[in-house]
Amino acid sequence: MTCDAYYGTHSSFSPSPSELDRCARRDIEASTARAYALLGASTTIFGTLNLFFTAWSIKRLGVKPALMIQVFWAAARTTIQMLGLVTGSSTGIMIVQCSQIMTIIGGPNGYVLGLNSYIAEVSGHEGRTGALGRLSGIMMMGSATGFLVGGIVGEHLGILAPFQMAWCSFLLCTLFIFLALPSITPAEKPATASQVSGIKRYFGPLRIFAPQKWTLENGQTSAQFGALTLGIGVYLAILATGYIPTLLQMYSTNEFGFGTGANGRLIFIYSTLRGLFLSLIFPRIISLGRKWLQPVTTTPENSAWEPPAEESRMGDVPTSPSEVEPVDNMDNETNAVNPPQRKSENETYVFDLWYARSSILLDCILTGLATFVTHGWQLYIVAVVLPLGAGTGAASKGTILQMIPSSERVDALSGITLVENLARLSTSAIFGLIFAAFAQLGRSQLTFVCNAGVAFVGFVVLMLSRFPPKNSHRIDE
């Protein structure tokens, strides 16, 4: 489209024997880069706002309606983008850019948060971390397949075809949510003096990382920084590993002359194996690790910490994200269900935090070893072994859900997702500059060393994260 816009105001292209690509001009490439950068920036900004909107809609409407809203409006955004592609030129670019505003109402961040919240509600306390990891793995495999199939379809049927496939997928997904997913009946929570209201309620994803005051068993008051250090550790973990797919492609192209096809296979292997690891192996590791560290089932009397007093008084009332405030239930369908009763909701699984530390340390080691790659075929080995360090994000989600009351699950998941988004934005900027600097010196492999260094700092930070002490109670302000 930038190519068409350029020749709309300049003379037509007359190819010479050495210049066969009409779009291979620096002005066009610069214009494309600016448009793409603007698209990426707007996606990040509106995607962050989408997190707050989704968290609000989950609390207000429930998980199922919020999830339907996210997927349906993503389809509506794709419709406008297809209109921009058909229009083409500078007008088409403007239409595509403006379509990103709709990301506030429905977008990837929103439906990922909705899916995580749904999984957190319908899965038992003991299986929640594994379920979150399995969900992350399936989404990663879907993303890898989408890039692969979208590229093939786009090459053979035109650039509009992948958008049409995405549009159909969104609508089918919306219909599936409406017909197949059960509605979770929200449970009303008695109003308390400590309940957060007003504008502060909408900044729950940020408040979740604030230092918390807890009353210890001996009556003393202590400030706990477990959630804060966990959030910083997750940020550093994503900062270290988020650039790996791009780094593998750029390094393989610069050093070993990989083309589009070879790079496509490389990233497909990396993403698919990472998804398979999270889907199939990660939940089993979590289950076996918990049994190894806690072979005897704990009870509220000997668990690591007890929930706040008001949560304990809830008795048999089922938990749901809509407990944060009174809810207007918009799902009166006959298939409405209550989440399963959590018999050990206050049990702490220390292995989840231990796994988060171990996975980022393994990421550090494996990424550092990639520095010694000297042949192109060795990059495929790197793509195979790097997924073995996956799971830091999923284990951290499971950990923070144990650190906070069940009524703040949505805010906790929103907060972790927000941290991950900020880290992904940062890693593209920071490590993009680092790679460019090392490439200019002819030592681009040293970028892997920097990645490993950041991962090690993240490991050190996660070592500082702790669960609240045994038999302590949080002080709600």
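Using N, Cα and C of the backbone, Cβ positions are placed for all residues, glycine too.
Summarising the annotation, TrEMBL assigns region 'Disordered' to 298-341.
Residues or ranges marked as transmembrane segment by TrEMBL: 35-58 (among others).
What TrEMBL lists as transmembrane segment is 135-153 (among others). For the transmembrane segment (135-153), the list of distant contacts is 112, 115-116, 119, 161-162, 165-166, 264, 267-268, 271-272, 274-280, 282, 390, 393-394: same-chain residues at least six beyond its ends, Cβ to Cβ under 8 Å.
Here TrEMBL flags 159-181 (among others) as transmembrane segment. Sequence-distant neighbours of the transmembrane segment (159-181) (same chain, 6+ residues past either end, Cβ-Cβ under 8 Å): 64, 67-68, 71-72, 74-75, 78-79, 81-82, 85-86, 118, 146, 149-151, 153.
The feature transmembrane segment is assigned by TrEMBL to 225-244 (among others). Residues 208-212, 270, 353, 356, 360, 363-364, 367, 386, 389, 392-393, 396, 399-400, 403-404, 415-416, 419-420, 422-424, 426-428, 430-432, 451-452, 454-455, 457-459, 461-462, 464-468 of the same chain, all 6+ positions outside the transmembrane segment (225-244), place their C-beta atoms under 8 angstroms from a C-beta of that stretch.
Annotation comment: TrEMBL describes 264-282 (among others) as transmembrane segment. Note on the transmembrane segment (264-282): residues 130, 133-134, 136-145, 147-148, 151, 244-245, 248-249, 252, 258, 379-380, 383-384, 386-388, 390-391, 394 of its chain, located 6 or more positions outside it, place their CB under 8 angstroms from a CB of the stretch.
Per TrEMBL, transmembrane segment is recorded for 353-373 (among others).
Residues 116, 120, 128-130, 132-133, 136-137, 208, 227, 230-231, 233-234, 237-238, 241, 244, 248, 251-252, 256, 258, 266-267, 269-270, 273-274, 276-278, 282, 285-286, 349, 352-353, 355-356, 359-360, 362-363, 365-367, 369-370, 373, 409, 412-413, 415-416, 420, 465 of the same chain lie 6 or more positions beyond the ends of the transmembrane segment (379-401) yet place their CB under 8 Å from a CB of it. According to TrEMBL, the transmembrane segment annotation covers 379-401 (among others).
TrEMBL lists 422-440 (among others) with the feature transmembrane segment.
Long-range contacts of the transmembrane segment (446-464) within the same chain: residues 225, 229-230, 232-237, 239-241, 243-244, 247, 251, 353, 356-357, 360-361, 363-365, 367-368, 370-371, 431, 434-435, 438, each at least 6 residues beyond the stretch ends and with a Cβ under 8 Å from a Cβ of the stretch. Under the heading transmembrane segment, TrEMBL lists 446-464 (among others).
Proximity of distant same-chain residues to the transmembrane segment (35-58), defined by a Cβ-Cβ separation under 8 Å and at least 6 residues beyond the stretch ends, is recorded for 2, 65-66, 69-70, 93, 96-97, 100-101, 103-111, 113-114, 117, 202-205, 321-322, 410-411, 414, 417-418, 421-422, 425, 428.
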